[in-house]
Amino acid sequence: MTRRRWIADNWTATTASLSGDQAAHLARVLRAEPGQIFDVVAGGFLHRAEVTSVSEDNVLFTLHEELEADAALPLHLLLAVFKFDHMEWAIEKATELGVARITPILARRTEKHLTLAAPKRAERWRRIALEASKQSRRTDIPEIAAPTTLKAALEQEQSAIHILLSETEQATTLSAALAVSRQATGYETVALAIGPEGGWTPEEMALFTTHHWTPVTLGPRILRAETAAIAAIAITSTHLS
């Protein structure tokens, strides 16, 4: 059976501790006891760790040997906000696939009530990313940025490769665009923008053009935003690997 990974809330060079829901689960459900061994991520590194004390509020570990673990993909997902249940699913799956950072974008075609409610959802999205990181045995948690406008996100973006999903006639395929970018930059870091239901507006497309983003397509089929996001991440990950 695959061992579950636990992500420490606090740590030193030799110790780590879990609190909140993680501690409660270890204490009540798993009935952890001093001396038991678990896999614990502390500061982005995976360790074999021994329980030294247990309560429902806090579980303390002594860190032993460091274990090998896969690094996160150097991929920043700019994800336009859409229906929250679909958004949560997309964040969960993007985390499982190894995305390093997710920025929710308040796009022009994001429904108004979602735009207003999105800032209050950010903490829930972070909890979903935490649980997905543990489930998928990641050694890190993707950063979930505060929801922001497209203009602000593009001005701050520092990835070497900028790609957006677009169904324009001029768009090349994602795989082809990544292959060209590999020759130019060597895949240092990639930013991938996924639009809302209904796509990006002409004004938003003009912003992308100004900031030198490459429009790409996933093919002839029309996909839901969350499906397109996961398909694009999966394709990109094969090139980054």
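Every residue, even glycine, has its Cβ placed from backbone N, Cα and C.
Taken verbatim from TrEMBL:
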| type | residues | note |
| --- | --- | --- |
| DOMAIN | 18-62 | domain 'Ribosomal RNA small subunit methyltransferase E PUA-like' |
| DOMAIN | 72-236 | domain 'Ribosomal RNA small subunit methyltransferase E methyltransferase' |
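Here the domain 'Ribosomal RNA small subunit methyltransferase E PUA-like' (18-62) has Cβ contacts under 8 Å with residues 3-11, 68-69, 138-140 of the same chain, all six or more residues outside its ends. Averaged over the domain 'Ribosomal RNA small subunit methyltransferase E methyltransferase' (72-236), the predicted model reaches a pLDDT of 91. Counted with DSSP, the domain 'Ribosomal RNA small subunit methyltransferase E PUA-like' (18-62) comes out as 10 helix, 23 strand, 12 coil.
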